[in-house]
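Chemist: The following block contains the structure, expressed as structure tokens.
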Amino acid sequence: LQRKSRYKHHHRQVLDELCLDEVAQKGSWSAKPTFSERLKGSMRCSVPRAKEILLSWVPVFGWLPKYSIRENAIGDLISGCSVGIMHLPQGMAYALLASLSPVIGLYTSLYPVLVYFIFGTSRHISIGTFAVISIMIGSVTERLAPDSNFLVNATNGTGSVNTNEQGAYRVQIACSLTVLAGLFQVILLGVVRFGFVVTYLSEPLVRGYTTGSACHVFGSQLKYLFGLSPARTSGPLSLIYTLVNICSLLPQTVVPELVVSVVALTVLIVVKELNQCYRQRLPLPIPIELIVIIAATIITHFCDLSAKYNVDVVGEIPSGLKAPQAPDVSLFPAVIGDAFAVAIVGYAINISLGKTFALKHGYKVDSNQELVALGLSNTIGGCFQCYSVTSSLSRSLVQESTGGKTQVAGLISSIIVLITVLKIGALFETLPKAVLSTIVIVNLKGMFKQLTDVPMLWKTNKVDLLVWLVTFTCTILLNLDLGLAVSIGFSLLTVIFRTQLPRYSILGQVPATNLYLDVDTYKEAKEIPGIKIFRSSATIYYTNAEMYLEALQEKSGIQIGKLLAEKKKQDRVSNLLPNGTFSLEEKQISAELGGQNFKRGVALKLTESPANGFSQGQVNWAYQSDTMSDSDMGSQHDDSIMQASKDSHDKKEPTDSSGPHSIILDLSATSFVDTVAVKTLKNICRDLGDIGVGVYLTGCQACVVEQLERAGFFSESIPKNRLFVTIHDAVQHQVYPGELSRFFHHNTISLTGVNIHKDFLRKGSSL
């Protein structure tokens, strides 16, 4: 009751845009500094600013000096060793996806990790090889370096493949693509702070894309499981063709290789499930992948499975590191599209995973710096025979769950990989490729679990479900690069469709409040007689401006075109009458007025003089009692609004037979206006003014007001005081009786329009 009392008796001034500029002193509280003042200020803060820039570009200088050995060292050491052990099998396995030598996967698990340690901002993600990026690289290397280009002793299209020459050329292709993708990330996206573009890759799109990519990865590894050599395919429907080829070659399956695959697959699945079930009790996960690799290598070596049973093995793994070399620039034109796709997908996966861990542990990940760090990892790594990298979900989860606290864990994992490359790598030459394929397939479990997104999205958001399904389908059918492009295009189309199909509503006032809600949704929201408050849920611009006008006419019940035509017809008829005479309707109303037979509901039109700048408009005043005084009306104007609104709501027919006299357009959802929107609003104000309906705008943001001013929206016919701060201000301007005297003071009376109470008409008899 106290709140209600305060609401009734403490009213602030009704604020239109002109009053707001005066009260809030727009543009008068601050002055822009001169050029010399800005120069002096920049000189004073140049040294601290340089330090800040250095720390933002090289974050390791900021956190490493503050590194706490007591708090972080043990966790980082255990985490780094665990992730380093995972890097070894995954690096070699994912290199096969890229159609490269397994040692290239080890290089990729070494150099980029060191670079990210210096420039990265996430403390928990594990940079390195990843299945989706590997398959994208593999599609390019196989397309540009097919077997047919490296045949030796070819006769009738058959012959052996020079694998050494082919492998060297594929490494050049992968390195050139990686360097170009890194340059895209650093220069095009990172340095110019263009990282926000990747935010248009929504989570349903990324998850649908990675799930579709997992299907490509699974299909590419089936040939190793069965020991088959199907024809290589590329382009749209390549996955379908690959599966058909494998099915047709199943009778040629190498049984010993299939046995190795089944045994390795069974062991990996069982132990990984045990790791998952007992993750709370185990200090660190059982490194089953490394155990399987070591066991398979030993068994294959001593049983000589490669020679006796034709089991395909990894082959030569050179020890030591390669000298850096510049990429082959001549390959850039052939891989530019693929490089851009790899740059976008790699960053989208990296930043989504990084922000997930940052939110969980309460620190911040810099989106643009992550672009720079990932781009430098690719650019520098490409010069050391590495292919494109991103963060891995499985390794990142291990790094976080085993107690990793900082990027030092990544540094330790790279040291383990370095030792393997220098001393141990040659021991894995007899490792069966089928074992590496099983490791890849088992690690796809997390991406295949994303299929459960479908029922969840069906319940929550049908549009996101459609984005997920279209992305998944296009990725499978159109391959990775073209599928990504089509998916992004479709996702942007959904945004356009949402703005083209907004929700339009008529608002009403909730009793005893200044809240205005949709009358179709809220039962207590009551329309104010003679006033239509119209709201759109989306920004008004060229794609939906015409629909906005149509919805306004439909919701308000005002057919502008029809009423304009009738007005023109009446004007032509009135012009035919002799000067100084009235039409029949005017004579009847005039006689009633003169005979004191004026009834409640007689229509009057108020036409402002040109000096006031108002176009023709109508104002409807609702009164509770025929004997209410002006002071009573002034103190109870809110109750008058609600009483009239309630009466109108209780009656099925509107109280004003002539329709609304005022339209209030709520533009609070509009964040910008273009020229089409400005023209549409101008036409609405002009046309409704011509038929005697006043138009008022409310809720405009400051940027929208500035855009309207620059576009020349405000004029003598549309003054700036038609723009109000809130809906309630506009309603008070229409209904508050104190405003009525101002209108009558500046206006002349016509004979159609607003319902005026007879007591007030007696008081204004001088008019």
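Note: Cβ is positioned from N, Cα and C throughout, glycine not excepted.
Predicted automatically and left uncurated, TrEMBL annotations should be read as such.
Below are the features listed in TrEMBL for this protein:
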TRANSMEM  94-119  transmembrane segment
TRANSMEM  125-141  transmembrane segment
TRANSMEM  177-201  transmembrane segment
TRANSMEM  239-270  transmembrane segment
TRANSMEM  282-302  transmembrane segment
TRANSMEM  331-353  transmembrane segment
TRANSMEM  408-428  transmembrane segment
TRANSMEM  465-497  transmembrane segment
DOMAIN    521-734  domain 'STAS'
REGION    626-661  region 'Disordered'
COMPBIAS  635-655  compositional bias 'Basic and acidic residues'
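So where do these features actually land, and what's packed around them?
Modeler: For the transmembrane segment (94-119), the list of distant contacts is 57-60, 87-88, 126-131, 134-135, 137-138, 141-142, 167, 170-171, 174, 217, 220-221, 224, 314-315, 317-318, 321-322, 369, 372-374, 376-378, 380-381, 384-387, 389, 407-408, 410-411, 413-414, 417-418, 420-421, 425, 428, 431, 433, 436-437, 440: same-chain residues at least six beyond its ends, Cβ to Cβ under 8 Å.
A Cβ distance under 8 Å defines the sequence-distant neighbours of the transmembrane segment (125-141), meaning residues of its chain 6+ beyond its ends; these are 83, 87, 90-91, 94-95, 97-100, 105, 108-109, 112-113, 116, 170, 173-174, 177-178, 209-210, 213-214, 216-217, 220, 234, 238, 335, 338, 341-342, 345-346, 349-350, 353-354, 357, 374, 377, 387-392, 395-396, 398-399, 410, 413, 440, 443-444, 447, 479-481.
Same-chain residues lying 6 or more positions outside the transmembrane segment (331-353) and placing a CB less than 8 Å from one of its CB atoms are 122, 125, 127, 130, 132-133, 136-137, 139-140, 144, 172-173, 176-178, 180-182, 184-185, 189, 195, 198, 201, 203, 206, 209-210, 365, 367, 370-371, 374-375, 378, 388-391, 393, 396, 480-481, 484-485.
Sequence-distant contacts of the transmembrane segment (465-497) (same chain, six or more residues past either end, CB-CB distance under 8 Å): 132, 135-136, 139, 200-202, 204-205, 207-209, 211-213, 215-216, 234-240, 337-338, 341, 344-345, 453-454, 457-458, 543.
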Chemist: Is the transmembrane segment (408-428) packed against any residues at least 6 beyond its ends, judged by a Cβ distance under 8 Å, and which are they?
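Modeler: Non-local partners: 67, 72-73, 75-77, 79-81, 83-85, 87-88, 91-92, 102-103, 106-107, 109-110, 113-114, 116-117, 126-127, 293, 297, 314, 317-321, 399.
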Chemist: So which residues does the transmembrane segment (282-302) touch in its own chain, when a touch means Cβ under 8 Å and the partner is 6 or more beyond its ends?
Modeler: 78, 82, 85-86, 88-90, 92, 260, 264, 267-268, 271-272, 274-275, 311, 313, 398, 401-402, 427-428, 430-432, 435-436, 438-439
Chemist: For the domain 'STAS' (521-734), what's the model's average pLDDT?
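Modeler: Taking every residue in the domain 'STAS' (521-734) and averaging pLDDT yields 70.
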